[in-house]
Amino acid sequence: MTILQLFLVFLNILEALCDYQLPKPRINKPPAEERLKLRNGYNTTLIEFDDGVQSFNLNWTKIIEHIPHDELIELWREANVTEPLVNTLLKRSDTYRPETNVHIPGHGNSYACALPYWSYTIDQWEDNKTTGYLGNFGIPSKTVLNEFFYDFQYVYTNRQFYTEATYVLNCLIGATTPAYPTISCHITPNYLFVSVEFTKFDSLTLLFGHSHYLPPLKGHIVYNDIEGASNDVFSLVIFSTYDLFGKHVESFKFDIAKVFREIIETPPLTFIKNLQDEMFTIEIRDGCNINNIVNPKTFLFAFKAVVAHFLVIDSLRTQQHILLNCFANYMSELEFLRKLMESCFEFFEFDFPYTVIETLAASQALNVPKHVITSLSHQDKTNMLSLFRLSRHSKHVSAVAISEIIDLISHIYTAYSYTYMLTSSERKMLLDAYIVLNDIMHKNETVKKQDLLPYVLSSSMCTSLEIGNLLLHFGQKDVLDVYETFSPCYLSLRFDFTKEKLITEFPQSSLIAQKEINLGTNGFFQTLHMRHHTSLEILPIIKCIKSLSTDIILSIPLKNITYVISTKPVPNSKIYDVSEVFLKTSMIISAVNNDCKPYQGGSAAHQIPVIYNVTVPRRGCPYCSSVVLSYDESQGFQSMMYITDTYVQENLFTEHSPFFGDGNLHIHYLILMNNGTVIEVRGAYRARLVNFIIVIMVFILFLVGLYLLYKLFVYLT
């Protein structure tokens with residue numbers, strides 16, 4: 001054996017032994033007597049190597065005092081010291097090396113949830129009780145960190161580096177049946193790695209972690225060869241082979257330095273939000289077929305999603321206490337990201353426990369004063385909604401959360417009645433409310449009538465204008481914004497969403513290409529059917545309308561009565577048939593008693609009376625708890641507005657109200673009263689339209705007159 005070969009042998013042994021981490025607990029620990037025999041058998045064994053440049057001395061006595069015999073054998077096997085040098089060189093030459101290795105000075109963005117100077121800390125909480133309700137206090141970082149890293153196990157790394165025993169979180173993306181490709185990920189306290197496994201033996205792995213605490217490599221590679229980017233704290237490394245690169249060249253088409261910059265330079269919540277947008281876009285645009293995993297877009301998304309979780313956990317190591325509401329925001333946004341991934345991929349599993357934060361969030365939610373949310377700042381509203389989201393599975397929180405969410409949506413709805421538009425921050429808060437209500441309402445066996453108000457208000461904000469704007473967004477944006485594309489329609493009690501219906505709602509313009517119409521219609525339709533989880537099951541009258549569930553267009557639960565808009569009448573209800581004015585479809589309005597008691601006035605359809613010139617009432621709110629509904633003679637139901645207070649009433653019936661500003665004589669308006677009475681509204685909105693038509697006709701006649709005078713002048717001259 002040459003000196004070079006001896007040197008490589010001892011180098012491998014030293015590296016394996018020096019970097020070995022002792023598992024807890026030891027596995028297959030030999031009895032004390034056997035260990036004593038082994039120690040006596042090896043206590044004179046010394047291994048020395050000295051080539052004049054470096055010297056190595058291994059004392060078996062010291063080694064076996066700390067490493068059990070069977071594990072020592074496993075170390076020897078994994079070190080593979082008898083491997084021919086030719087094989088080692090071949091593996092080295094076949095190791096894939098990125099074209100560049102970029103170093104970016106600095107530490108990158110901080111994920112730390114630092115405590116403000118005015119905050120306080122809580123190290124223990126008895127009976128899960130805390131003070132305050134916005135999470136403005138610090139909690140021990142170690143308590144949260146210990147919950148994440150509870151599972152001590154071996155980390156197997158597809159032969160890139162030595163097996164390590166450490167704390168680890170695992171995730172897997174793949175198919176419900178054993179198949180390739182799959183994506184596996186592993187998060188440890190110091191690093192993470194994500195692998196796309198093409199076969200049992202071929203994989204592409206990205207590793208990200210603290211530069212000085214990366215796992216020990218095997219002898220044929222060094223980090224300088226495979227590192228793609230780094231800063232003063234973290235490194236990003238790629239593991240693969242040139243042989244695999246040749247087989248899956250498309251999967252390697254990404255800029256590793258650009259990915260690293262995106263990770264370290266994007267603010268934390270923005271980075272997580274961008275990942276939510278990216279996942280949503282992949283789901284709507286590209287689909288979530290398991291074969292798309294080999295696409296670099298999907299693989300890089302999965303890698304960045306795992307990095308986001310790692311960086312949030314890693315922030316716990318930098319401080320003794322963390323601010324609860326700050327960390328709760330991270331947890332709620334990461335949870336939503338995982339929910340998006342779960343709804344997309346055929347098989348998705350991510351071990352990410354957060355019971356400590358969940359428990360503290362519930363304790364804070366239970367302290368929330370009644371009707372306080374609308375008086376809070378935007379950031380405090382966000383903090384409260386994050387606490388509700390994390391604690392929504394606690395049955396004790398349900399009543400508090402629903403009460404505050406009703407106030408919040410009512411506040412948003414009143415502001416909406418002025419402009420008929422929603423801001424990005426309002427859509428985000430509606431999304432938070434949607435997440436909370438979705439879980440709570442479907443778990444409640446009995447639903448109170450007042451708890452249905454968010455669904456009525458959401459139905460009111462799901463107007464033709466809202467649908468048209470969303471169709472444009474889905475049709476024209478390359479990256480879909482998960483907040484901007486969230487619609488009140490997902491919380492509505494509308495059930496008439498078909499592709500044909502959506503096409504009629506698309507804004508009419510010669511500037512809109514057919515491709516945009518197709519993208520918009522398909523995207524919004526797909527999202528509606530994924531996100532619109534509102535069910536008739538939450539309605540108290542479900543037992544008397546269940547047989548007509550497929551015929552229902554809209555349900556409007558009011559305080560004293562529930563209106564059901566459908567293509568067939570609801571038995572034992574007060575019926576208004578408006579089908580005689582339709583050209584293509586039919587629509588029947590049924591007023592159903594909330595206790596499902598039969599209507600005593602007979603089964604014959606009632607005629608809808610007409611009133612004219614509805615104006616804003618000067619005093620009081622006579623239309624409160626009523627609904628104004630619009631429908632088209634050709635396309636059927638269009639929009640509705642529920643009148644909650646005098647502000648909404650005034651905005652609805654004002655002269656410039658967008659609700660009555662369609663300018664289409666084929667659109668009719670009905671008022672559905674809280675006592676079961678339905679009336680048709682005609683008046684100012686039609687008078688304005690008639691006046692507009694008269695002005696147009698006069699203008700046309702004026703132009704014709706000018707033209708005739710011009711022709712006469714030409715003829716005479």
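Start at 1 and count along the chain as shown; that gives each residue its number.
Even glycines carry a Cβ here, placed using N, Cα and C.
As recorded in Swiss-Prot:
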type	residues	note
SIGNAL	1-18	signal peptide
TOPO_DOM	19-693	topological domain 'Virion surface'
CARBOHYD	ASN43	N-linked glycosylation site
CARBOHYD	ASN59	N-linked glycosylation site
CARBOHYD	ASN80	N-linked glycosylation site
CARBOHYD	ASN128	N-linked glycosylation site
REGION	177-239	region 'Interaction with gL'
CARBOHYD	ASN444	N-linked glycosylation site
CARBOHYD	ASN560	N-linked glycosylation site
CARBOHYD	ASN613	N-linked glycosylation site
CARBOHYD	ASN675	N-linked glycosylation site
TRANSMEM	694-714	transmembrane segment
Quick one: of the glycosylation sites ASN128, ASN560, ASN675, which has its CA closest to the CA of ASN613 (N-linked glycosylation site)?
ASN675
Could you tell me the C-alpha distance between ASN59 (N-linked glycosylation site) and ASN560 (N-linked glycosylation site) in angstrom, no decimals?
87
Using DSSP and collapsing to three states, where does ASN59 (N-linked glycosylation site) fall: helix, strand or coil?
strand
At a 10 Å cut-off from the C-beta of ASN675 (N-linked glycosylation site), count the other C-beta atoms across all protein chains.
12
Subset of glycosylation sites (ASN80, ASN128, ASN560) lying within 10 A of ASN675 (N-linked glycosylation site), CA to CA, in sequence order:
ASN560
Tally every other Cβ atom lying within 10 Å of the Cβ atom of ASN128 (N-linked glycosylation site).
11
Counting by DSSP secondary structure, give me helix, strand and coil numbers for the region 'Interaction with gL' (177-239).
7 helix, 32 strand, 24 coil
Distance check, please: Cα of ASN560 (N-linked glycosylation site) against Cα of ASN128 (N-linked glycosylation site), rounded to an integer number of angstrom.
40
Alpha-carbon distance [ASN128 (N-linked glycosylation site); ASN80 (N-linked glycosylation site)] in Å:
52
